[in-house]
Each structure stands twice: as C-alpha cells, then as structure tokens.
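What follows is a single structure, written as structure tokens, with notes after it.
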Amino acid sequence: MRLFLLALLATLAVTQALVKEEIQAKEYLENLNKELAKRTNVETEASWAYGSNITDENEKKKNEISAELAKFMKEVASDTTKFQWRSYQSEDLKRQFKALTKLGYAALPEADYAELLDTLSAMESNFAKVKVCDYKDSTKCDLALDPEIEEVISKSRDHEELAYYWREFYDKAGTAVRSQFERYVELNTKAAKLNNFTSGAEAWLDEYEDDTFEQQLEDIFADIRPLYQQIHGYVRYRLRKHYGDAVVSETGPIPMHLLGNMWAQQWSEIADIVSPFPEKPLVDVSAEMEKQGYTPLKMFQMGDDFFTSMNLTKLPQDFWDKSIIEKPTDGRDLVCHASAWDFYLTDDVRIKQCTRVTQDQLFTVHHELGHIQYFLQYQHQPFVYRTGANPGFHEAVGDVLSLSVSTPKHLEKIGLLKDYVRDDEARINQLFLTALDKIVFLPFDFTMDKYRWSLFRGEVDKANWNCAFWKLRDEYSGIEPPVVRSEKDFDAPAKYHISADVEYLRYLVSFIIQFQFYKSACIKAGQYDPNNVELPLDNCDIYGSAAAGAAFHNMLSMGASKPWPDALEAFNGERIMSGKAIAEYFEPLRVWLEAENIKNNVHIGWTTSNKCVSS
C-alpha cells in the first residue's frame, strides 16, 4: 500500500510538473510565433526584391538572409527538444510543436545550405534570363519566354516554327542546368534524411498528413483517365486533319509543340483547330476587353469586387501600393511567372504578375487573388498556421472563382460577352474548352512530381534521367517532344517549378478539390440543382453569394490549424478528396465525346513514343 501511495504521489508530481510546463510552452510559442513572423517578413522582402529585380547583389542579400533564418530555425528545433510536447493535453500545442520540428532545408549544415541556395538561385536565374533568336530573323536574339515565345507557341500554326522555338527554349532552360540539378537532388536527399524522411518524396508528401495519399491520387487519376483518353484521341484526330499524317500519327503520342503551350500542360490555345463545333463562336472575351479599355489595374479591381461581393475581405491598401501587376519597362530581369506573396505582417500581401489584357490573364488574376484572400483570412492565426490546410487548398480557392468568372452567365453579367446563345453545341464547346485546361492538366501535373519523386528515391540512374522524364510524359499524357532527345539533353528544368524547386502536387490536388468546392458553393448559392436543367453546374456563377462566402470564410480562416479533412468538412461536410464532382461537371462532354469518337473511328490510346534515346 505504501509503495502504491508513493507511486501515486510521484505520478501526481510528474503530472503537475507537466501541466506547469504546458503553460510555459504556450507562452513560449506565443513569443516564438511573433518572432518567426518578423524574421520571415525580412526574408520574404529579400526574396521579393530578388524576384522583382534579378541582380547578383539582390541574390547575395537574399541568400544571406535565408541562411540567417535557417540558422535560427535550427536553434528553435533544438529548443523544442526541451519540451515534453508529445505528452501535452492540448492538441493545438502538440500540432504547433510538430510543425516546428520540420526544418526542411534548414536541417542542412551551413555550407550545404548555402550551396543549395546558390544552386537554386542559379537555376531560377537561368530560367528567367533565357532569350532566343527570332525564327525569321537570326540577328534578333532578345525573345523572352514571357511574352514573346509564349505568344508564338500559342498562336503560330507553322509546325516547323513551333519546333524551332521549342528546341531553343528547352536547350537553354533545361539542358544548361543539368549539373546544378544533379547537385540539387543530392542536397534535397540529404536534407530529407536529416529530417527523418527516407527521401525528398516522402518529405513533400508529408505535407498532406496521410500515408496513403500517393495511392489515393493514383486511384483518382485512374478514374479520370478514360475521359482524358477520349479528349486526347479527339484532339489528335483533329490535329491530323489540320497538319496531315506526316506531322501527326493516327495512333501515336501527340507532338507537344502543336498543343499551344510550351509544356503541353493545357491545350485551350488550339481551340480554333480542335473545337467540336467550329461554326459556333468560342467564349473568348479578350478582344472585348481591349475594346472596352481594360487595363491590368481594372482586372485586379474586378477580382477584388468578386471577393467583396461574397462578403469576403477587401484588398488592403498595401496590396495596391506594393504589388507589381505589369511588366516593368526599365529593362530589368525579373520572374514574370504570376505569384502571390504573404509578408506576415498585418495586411501586407502582394502579387507579382506581368499582366496582359486577355481572358486567360483575367482568370489568372482571380486565381492569384484567391491566394491573397487565403492570406488575409488566416492572418490572425499563429505563424505556424499561416498556410493552407494542405498545399492544394491554396491553389484551389482562386480557381473556384475562375470557374465562376469563366461562365457565360458571369461574362454576360459584367458586359464582356454579348449576343451569346448557349445551346447544346455551344455548351459542348465550352465544356471542351474547359477540359483542355482542367482535365488535360491532370496527367501533366502528376508527372512533374512523379518524376522528381523517382529521382529523390534513387529509382532512376543518372544516365537515364532525361529519357525517364519523357517516358512518364508519354505514359501519362500521350505526348512527345517534336525532335528526338537524348541523355545529352536535360528537359525537365525547362518547367519553372522544377528549376525553382516548387512542389507541383499542390496543383493536382487543387484541380480535384476545386470541383468539390465549386459544386458545394454553387448549391449554397442556389446556382446548381442536379435535378433542374435550368441550373447546370457548368454555368454556375457564385458572384454575390454571401452563403458561399461564409463557407469560404469558415474554411480559409482555419489556415493549417487543423488537418485538411477538417477544413474540407468545414466547407462542404465531406472529409475525403474525390473525383466525383469533376465527373459530374464534365458528364455531358464525356457522353458527346464517346459517341463522336466512335462515329469517326477515332483511335483511343497511343503507342509508345520513340523520341528519347539513351546515348
């Protein structure tokens, strides 16, 4: 009995000590979150300065500040080991401490960390500075990706001209950085292991807090693949009619330079060739925007109005004062790729985008403003929670609004679409155009990270790195390069996110869950009823819906304070990611495509590409 009492007293003493420590830990985290916000603000300012004006001086300053923050994060990680946080009662404190133990690259020794920053800066700088010579004038060698090369890739229908620009860009943006990329993979792997992951693939996947997440995505993609194959077969059929059998085969992969996008990630730019009903006008309000005198500023003001119409947060003055929404004309090099930035102070949020007055850019503006709205909604949270429920949530928010903005209903409402008749043929055209962006993107996206996972996991020998990339593009997307590639080439870094070390799975997750969000928001707004043909999902406009806005607020304001299924449930009552809403959205198109492909004896699927050879 005496021993039992002694043990009980000892247990009570330990419990009391733990309760006292938990109170101290809460105070520690409150102070630490404030300090992290200040330090990250300084780092973000340096990154902004570099991304807005790529100079050696700005790069040096950015890397020095990043190294200082990494050193501080190591000290924080060491401090957290003094707390018995895994035994705390508070789930919130445990979640915050767990987040602080994820050091990422900061776990590297200082010399390795500095080398990694230099390596990433070199690759990103190379991508941003790529210039090629004009196809028709070899003395004019100042064509940049944005806007000159992208303009040609999207508008030219000369397959030889397209192949020329494709080859020139990939050689300069990809092959030129192979040695840096190899070292990046080595350092990524080292950092992952220092964080107790088996590879960088597992480190990235850990952000989704589910050990089965990779397989879930494979399963969802398997469900969507039949629709993709129908789209692929139909597009190849139409391209053959346009370019001829000598350029496009009947059963093989599609030459990617013909698809209107440098990476063949979205194909809507070739709608003029492949539209199901070419006699019906496609929804493209770019010309009307020009006619009405639209400017980048007006486009952002319209985006702000969409959010406020739903009772969400208005853009703060800092956004207008500090953002870059047009390409500077002073000749500086900068990263033009549209991006949204959180500076971790109250209301200091910005966008950097070389905005052009086009329909596509109008949708991009709404996408980027979705990030900004997320920043504003969770800025009251502790620093460690000031991010999305998972990386895909951040990407999905603005895309839900883009889906709404792109509907004929909304474009008519804002006076950009006139005399439009939405009959069955026009509807199929519109759904097909959307599918060329949304469905086509899914296999492309998956390969961007499946490829890097395979390198991080050591599954591919360095001697086969380039052909392994094209094998995945062939297997999942059924596309191939316009010219034969070999291991003397290295093409993956010709995609910005690969050169810049940006995990890409977030976009795949976004493209799946955005349809779940959209369907739910449309029902809340009274704009979609599956039993009412007058209220179809593909023409739903949630502008002005306070009910949809309230659902967004409930989810966005959580930040990362709860696991992502909790955030999803706060929005629509569901806890799993599902492809059902995508299937529902595109069902009329699927029915039409299957019948049309059978009618035209279109081959579905593709033979294996032979456009990459090991040397």
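Don't overthink the numbers, they just go from 1 along the chain as shown.
From the backbone N, Cα and C atoms, a Cβ is placed for every residue, glycine too.
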Per TrEMBL, the range holding coiled coil, considering 18-45, 354-381:
18-45
Could you pull the disulfide partner of Cys522 out of Cys467, Cys540, going by TrEMBL?
Cys540
Cβ-centroid neighbourhood (8 Å) of the Zn(2+) 2 site, His367, His371, Glu395 excluded
Ala340, Glu368, Gly370, His394, Ala396, Val397, Gly398, Asp399, Ser510
Around His367 (Zn(2+) 2 binding site), how many other C-beta atoms are within 10 angstroms of its C-beta?
21
Around the Cβ of His371 (Zn(2+) 2 binding site), other Cβ atoms found within 10 Å total 21
What's the CA to CA span in angstrom from His367 (Zn(2+) 2 binding site) over to Cys336 (disulfide bond)?
16
Here the disulfide-bonded residues are Cys141, Cys336, Cys354, Cys540; the one whose Cβ sees the most other Cβ atoms within 10 Å is Cys540
Here the disulfide-bonded residues are Cys133, Cys522; which one has the lowest number of other Cβ atoms no more than 10 Å from its Cβ?
Cys133
Can you tell me how far the Cα of Glu395 (Zn(2+) 2 binding site) sits from the Cα of Glu368 (active site, proton acceptor 2), in Å?
8
Could you tell me the C-alpha distance between Cys336 (disulfide bond) and His497 (active site, proton donor 2) in angstrom, no decimals?
13
